Amino acid sequence: MSASPPAPAPARHPRSARSELRRLAPLLLLALGVGAVLVGRDMGLGELTAPGPGLWPTIVAGLLIATSVVLLFLDPAEDYEPWTAGTARIVAGLAGLALFIVLFQTIGFVVSAFLLLFAWLRFLGGESWRMALVLAVAGAIVLHLVFVVVLGVPFPAGPVDQLLGG
Amino acid sequence: MGISDGIVQGFAVALDPVNLLYVFAGVLIGTVIGVLPGLGPTATIALLLPLTYTIEPATAVILLAGIYYGSMYGGTITSVLLRLPGEAASVVTTFDGYQMARQGRAGPALGIAAIGSFVGGILSVLGLMLLAPPLADLAVSFGPPEYVALTALGILLVTYLGSGSPLKSLSMAALGLLLATVGQDPITGTTRFTFGSVALFDGLDFVAVAMGLFGVGEILHSLERTDKVQAVTRRIRHIWPTRQDLRDSSGAIARGSVLGFVIGVLPGGGGVISSLASYALEKRRAKDPSRFGRGAIEGVAGPETANNASSTSAFIPLLTLGIPANVVLALIFGALLIQGVTPGPQLISEEPEIFWGVIASMVVGNVMLLVLNIPLVGVFVQLLRVRAGVLAAFALLVTMAGVFSVNNDSFDMWVVLVFGVIGWLMKKTGFEPGPLVLAFVLGSIMERAFRQSMLLSGGSLDVFVTRPLSGGLLAVMAAVVVLSLVMARRRRAAFRHVEPEGEADLGTAPTPGRDTRRTSDSVDTDVPSAPGER
């Protein structure tokens, strides 16, 4: 993936600096477009009569460059949503998801699914301890049964997964 | 094969027990996610894409189509009862539907919406049956230059008619076209933008991109809001509208059907624009426009009819030209491509069971929805008790497990996560993921057609202008660009016209849904855009 997302701005940022920060998005697109043109030129543009592999990417990258340059100067600011305290929750949620993928690869589905559901329901969803526990256990087992037993998806095997069959 | 043979074959496919089950599952899931505010049809279809791998192509499209038009029904329920549109196309219904509910007429509002949706859906299916075969015949004569013009027109219209700033949408479309070039060159086989990574030789996986941008991105985005939804406890009575109600709304339903059908066929059309247009039309035609915004039944009947009609007719460009008209159809297009079926003019003759089966399933699905909705509204309302946090946790887990099951490869899980972050950041910065995904799907078609055109014409760009069909399409594009500059001003005026008196406080209402908020934004500001498909 060549497109890296613009870094999330810190929640508390001076107003004036923040209005400049939003230019990050068009700048990033511009950089992406320029990069694509450079790579595309190396691939060989060919002629219009015999288009090379790089011609089409260069054309669409040109469109990307043109639009992002205009956006740099003419960007309606209204549709930017402010960063809120909720942003921190999302970063936490993302970290949880990443951890889930790592765990999934090493100890299988059931345990990692239980941990993800439980942590998410308790800390991000604000459920009670008991509710989170019940839903997480039930959810992990039901999804294991659906994916592994019914659909036959070969999840990486883990300690609990084998007890449940599949 | 004649149309009547096709219809017979279609019903044979649609009434097959397995397909009946999938139609039912589709419309039920559609209704449910239409009710649930956190999850729209785009996200749901994206999340369910991996499931469609294992079933027949016709069955897959039957399921996904059912989710799409089912969500149109479901979105009405929360709009009327809570002024909380479950999906974007139902925003207009909040204007009069919620007022009707406050006057104790929630039952008739929901009833007339269901009946109108049914009529609009059925009429639109009839139109689809009559219009699609001749259009496909015409499209058989299309050469590469026509396809370049057609895909360009589709992308352009989606950027202009979608939500958000057209310029930002165009920029996202360009990004989508660029992302589509990752992987092997379709003609020479040279690898492009793979940076030596073998995983990228086949290009970015459409399912992972769509699931990340729409599924995960949307769930993350909704996680930031902590809207509380109160449950509806009072019983809803008298769902079946009175004779007077039916008489009042029959005109609106008839006009809404035609309007919705026509708008749905246009690229970039679909739910939101058709319901807005119908509302504006009804208000303009009314003898006493001041009733609108205060519980006028026409203000519910017309838009609800139109959005369902348009969600059906939006299948016409996909099934006849192979061009998805909006983002939901782009996802269905992707689902078909994965199955090895390329939608296009040959679909009717080569895969008649898909074409006619899907159409016939829409008739069956609309009947099911009518039967489901009238007696079961009370049950669906209880779904609002499901809390957003619970929904998000389970949806994400299903996404991750689902994307793994596509290639049995955990690398795809990371791709989904990365595109989820990108999708969320795009939403935060006002870039719509819709044009990106649409352009991503159309990109390879467009590039191949462009290069074939160049070979055909010996490198002369004149070929796009001199051929009557592609020249005509390009003239339409030019007209769109010119018109949009004029319309930018007039659209704003039109929104003012649509805006009922009570709408000004929508944005500050205690429980504003995301789409409510977005609409009032576009009413208040200078952004020349309509709220669009999600």
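Think of each number as a place in line: the chain as shown, counted from 1.
Placed from the backbone N, Cα and C atoms, the Cβ positions cover glycine too.
The following features are taken from TrEMBL:
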{"type": "DOMAIN", "residues": "B:20-438", "note": "domain 'DUF112'"}
{"type": "REGION", "residues": "B:499-534", "note": "region 'Disordered'"}
{"type": "TRANSMEM", "residues": "B:20-39", "note": "transmembrane segment"}
{"type": "TRANSMEM", "residues": "B:45-69", "note": "transmembrane segment"}
{"type": "TRANSMEM", "residues": "B:109-132", "note": "transmembrane segment"}
{"type": "TRANSMEM", "residues": "B:152-181", "note": "transmembrane segment"}
{"type": "TRANSMEM", "residues": "B:193-216", "note": "transmembrane segment"}
{"type": "TRANSMEM", "residues": "B:258-281", "note": "transmembrane segment"}
{"type": "TRANSMEM", "residues": "B:318-342", "note": "transmembrane segment"}
{"type": "TRANSMEM", "residues": "B:354-381", "note": "transmembrane segment"}
{"type": "TRANSMEM", "residues": "B:388-405", "note": "transmembrane segment"}
{"type": "TRANSMEM", "residues": "B:470-488", "note": "transmembrane segment"}
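Long-range contacts of the transmembrane segment (B:388-405) within the same chain: residues 36-39, 43, 47-51, 53, 207-208, 211, 215-216, 219, 222-223, 226-227, 229, 412-413, 415-416, each at least 6 residues beyond the stretch ends and with a Cβ under 8 Å from a Cβ of the stretch. Across the candidate stretches B:193-216, B:318-342, B:354-381, the maximum count of CB pairs under 8 A to the transmembrane segment (B:45-69) is reached by B:318-342. When the stretches B:20-39, B:109-132, B:193-216 are ranked by Cβ pairs under 8 Å to the transmembrane segment (B:354-381), first place goes to B:109-132.
Away from its own ends, the transmembrane segment (B:193-216) comes close to residues 42-43, 46-47, 49-50, 179-184, 327, 331, 334, 337-338, 395-396, 399, 402-403, 406-407, 411-412, 415-420, 422-424, 426, 433, 436-437, 440-441, 534 of its chain (Cβ-Cβ under 8 Å, at least six residues beyond either end). Using a cut-off of 8 Å between Cβ atoms, the transmembrane segment (B:152-181) and the transmembrane segment (B:318-342) share at least three residue pairs, counting only pairs 6 or more apart in sequence. Listed by sequence, the residues of this chain that lie at least six past the ends of the transmembrane segment (B:109-132) yet keep a Cβ under 8 A from its Cβ atoms are 3, 6-7, 69, 72-73, 76-77, 80, 93, 96-97, 100-101, 236, 238-241, 245-246, 249, 252-253, 256-258, 260-261, 264-265, 297, 300-302, 304-313, 315-316, 319-320, 348, 355, 359, 362-363, 366-367, 369-370, 373-374, 377. A mean pLDDT of 84 is what the model gives for the domain 'DUF112' (B:20-438).
For the transmembrane segment (B:20-39), the residues of the chain that approach it from at least six positions outside its boundaries are 14, 48, 55, 59, 62-78, 84-87, 90, 218-219, 222, 227, 229, 361, 364-365, 368-369, 372-373, 380-381, 383-384, 386, 388, 391-392, 395, 513-514, judged by C-beta separation under 8 angstroms.
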